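Down below is the structure, laid out as structure tokens.
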Amino acid sequence: MTHMDADNPDSRKRPLETPAEEAGCTKRTNTGEEGEYFLKVLIPSYAAGSIIGKGGQTIVQLQKETGATIKLSKSKDFYPGTTERVCLIQGTVEALNGVHNFIAEKVREMPQSAQKPEPVSILQPQTTVNPDRVKQVRS
């Protein structure tokens, strides 16, 4: 090793034994299967029952119709700092839209006892938020 090699920080790094592609390694993404995505939505407690349905029939039917996988937190398991339940939806963009539209409709059908309508909240990691897109949605 020459003096110049010792000054180069890259020369001190151990070379990869096998490139990642050859080793069968793939970079993980936040999507499920090819073309599948996740959507996390907060559901007001009053709407959860109508989304689940008697004996879970409504949510099972919704999963069959859309092809999405839907998981809802337990009845007293709220998102921190709220009184809303967490709904995790996995599927294609079309499936996510279908489930979200169904949920939004159930939220709009609020009971007479509710004082004011509650918005449907979508949770999105801050690292994936596009400020221009947020402005578009709010308009």
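Note that Cβ sites are derived from N, Cα and C of the backbone, with glycine treated the same way.
Annotation source TrEMBL lists region 'Disordered' at 1-30 (among others).
What TrEMBL lists as compositional bias 'Basic and acidic residues' is 1-16.
Residues annotated as domain 'K Homology' in TrEMBL: 35-108. Mean pLDDT for the domain 'K Homology' (35-108) in the predicted structure: 94.
According to TrEMBL, the region 'Disordered' annotation covers 110-139 (among others).
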Helix, strand, coil residue numbers for the domain 'K Homology' (35-108) per DSSP?
37 helix, 21 strand, 16 coil
